[in-house]
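As recorded in TrEMBL:
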DOMAIN    33-242  domain 'Cytochrome b561'
TRANSMEM  27-51  transmembrane segment
TRANSMEM  71-89  transmembrane segment
TRANSMEM  101-121  transmembrane segment
TRANSMEM  141-166  transmembrane segment
TRANSMEM  178-201  transmembrane segment
TRANSMEM  221-242  transmembrane segment
Amino acid sequence: MGKGKMQHKHRNYDDENSWACGNWFEFLLVVALAIILLVGALVLVLFWVLYYRQGFAWTENPTLEFNLHPVLMIAGFITFSGFSMLLYRIGRCCRRIYVKLFHTIFHALAVPCVVVGFIAVLDSHNLANPPIRNFYSLHSWMGFVTMGLFALQFVVGFFSFLILLCCENATAGFRASLVPIHATFGILTFMLAVATCLTGLTEKAFLTPGLFYSFMTEEAIIINALAMTLVASAIVMAYALLREGFRYSGHILVSVQSEM
């Protein structure tokens, strides 16, 4: 009586051997720029808040509590989320499951940043004297859409690429069909997050008393530098993620069913 036996073979699609020095230079340059910009955006917003906006507080000082909002939102939506996507380009020597695991970890690190940042801006508005209206600006509406897409991405990614691995063979086709959708919406969410940050910085620059944005003070220059860093990160990240040559096919495990 025939008995099925599962054999595993490694098919090696070693694209790296065919790369010239120019390809490696381009790849390393783009990845290095992306890392510098993702970290640089967080460093700049921290410098702005600590040096020009007197740092942080909680509910005892609503004005300083607001400062948590730009720092945590940039940390969550830009730095952590950016690194979570960039891992699929820099994790070329790692097994796919490890890359997915660290991708999820970086997204999980972004969640508390977004939640606390959202609470901080609500508190700073509600506890102000007089209270400030919520959810009236374009920035707040774009923020809602960004948070909704981010939450949807996290839930879909977690269940489809980690939970469903317990029945890997049965769900392989379903998970494969979700990959391009998940990747596309991940890039769209990042771009929308950058646009939301830009509207927030513009709103803060024009509505903050004593900032004198139109006179191009030192603080105004820092705000503009932060905004341009965010724009540059969007451009470089889009290039790194959409450049077909940067996709790594590596070692793919293929299951072959044979009859004995």
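Each residue, glycine too, has its Cβ placed from N, Cα and C.
Values in this document were obtained by computation on a predicted structure and should not be read as measured data.
For the transmembrane segment (141-166), the partner stretch with the most Cβ pairs below 8 Å, chosen from 27-51, 71-89, 101-121, 221-242, is 101-121. For the domain 'Cytochrome b561' (33-242), the model's average pLDDT works out to 92. For the transmembrane segment (101-121), the partner stretch with the most Cβ pairs below 8 Å, chosen from 27-51, 71-89, 178-201, 221-242, is 71-89. Within the chain, the transmembrane segment (178-201) has long-range Cβ neighbours (under 8 A, six or more residues past its boundaries) at 70, 73-74, 77-78, 81-82, 85, 137-139, 142-143, 145-146, 149-150, 152-153, 156-157, 160-161, 223, 226-227, 230-231, 233-234, 237-238, 241-242.
Taking Cβ pairs closer than 8 Å, the transmembrane segment (27-51) reaches residues 19, 67, 70-71, 74-75, 78-79, 82-83, 86, 89-90, 219, 222-223, 225-226, 229-230, 232-233, 236-237, 239-240, 243, 245-246 in its own chain, all 6 or more past its ends. Same-chain neighbours of the transmembrane segment (71-89): 27, 31, 34-35, 38-39, 41-42, 45-46, 49, 56, 99, 102-107, 109-114, 116-117, 120, 143, 146, 150, 186-187, 189-190, 193-194, 196-197, 200, 230, 233, 237, 240-241, 246, 248, counting only residues six or more beyond its ends whose CB sits under 8 Å from a CB of the stretch.
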